[in-house]
């Protein structure tokens, strides 16, 4: 099993690479790529960790050597949010980066499962899909927007509020991966109930958690370590499913049946070919139903922006 991390010299990429080096199954290969010249050194640094995961780093304009034979590609390349920016301000820079890298994937490892971490995910996933489609290699069961950070944040905040172990809480989060498009389904957590005020406050905190980190870092960055952990959780789940493990379920942002929007984050059963089954989002509370209906215009606009970027 070979996993490639593109954008591996950045804050998310390094955290992700560290977690993959320590947690990928024995015998896996990990390849790191970034435009930054430090990348081969990041791989050498990680290679000293005693796990049976082979690692190699590549830098420069061409990601091809890192992508050859990859089963899973995780893309975290791009610029990070600064205070006062929202995820859409990132679009102008990151759209071109994602387009370029996905073109290289289409040529070098078109059958790989691809996880997009680079923000704004609502839009960058649409860009990736259109690029793969143009190349004639698009498989909607193998392209994912990694929204796992919304899930782990939800788990943490709910556990804090309710005095539970974070590992005992699993909150499904649907929709997209920015602002109002992030919808935690707090009504679906077994054995936990909330007041209306708690639901409103928690939902808002989960939606704005990225800004919480950006402000706390006082201009020094955005959520990199928690995002690295979230991306590792998703990547490792995908690897386990590809290797044949059963009942691996994660939420991610994928192309579905278009019931709500072309791309939508929902619980997915993962399998040997990527998405095995798009699971139902279940019964929503009145609050959740309203929030879902209220986000769709925003989500559809985000998606259209990505489609137009490739097809203009």
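Including glycine, each Cβ sits where the backbone N, Cα and C put it.
Taking the Cβ of residue 7 (NAD(+) binding site) as reference, residues of its chain lying under 8 Å away and at least six apart in sequence are, in sequence order, 13, 33, 34, 75, 76, 77, 78, 117, 118. Taken from Swiss-Prot, the feature NAD(+) binding site applies to 7, 8, 9, 10, 11, 12, 13, 34, 94, 117, 118, 119, 227.
Shown in sequence order, 206, 209, 226 are the residues of the chain, 6+ apart in sequence, with a C-beta less than 8 angstroms from the C-beta of residue 153 (substrate binding site). Here Swiss-Prot flags 81, 87, 119, 153 as substrate binding site.
Sequence annotations record features per position, and here Swiss-Prot assigns active site, proton acceptor to 177 based on sequence analysis. DSSP gives residue 177 (active site, proton acceptor) a coil state; it is part of no helix or strand. Other C-beta atoms found within 10 angstroms of the C-beta of residue 177 (active site, proton acceptor) number 30, with every protein chain shown included.
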* Structure fact -> binding-site residues 9, 11, 94, 119, 227 vs residue 177 (active site, proton acceptor), shortest C-alpha separation belongs to 119
* Where residue 7 (NAD(+) binding site) falls in three-state DSSP terms -> coil
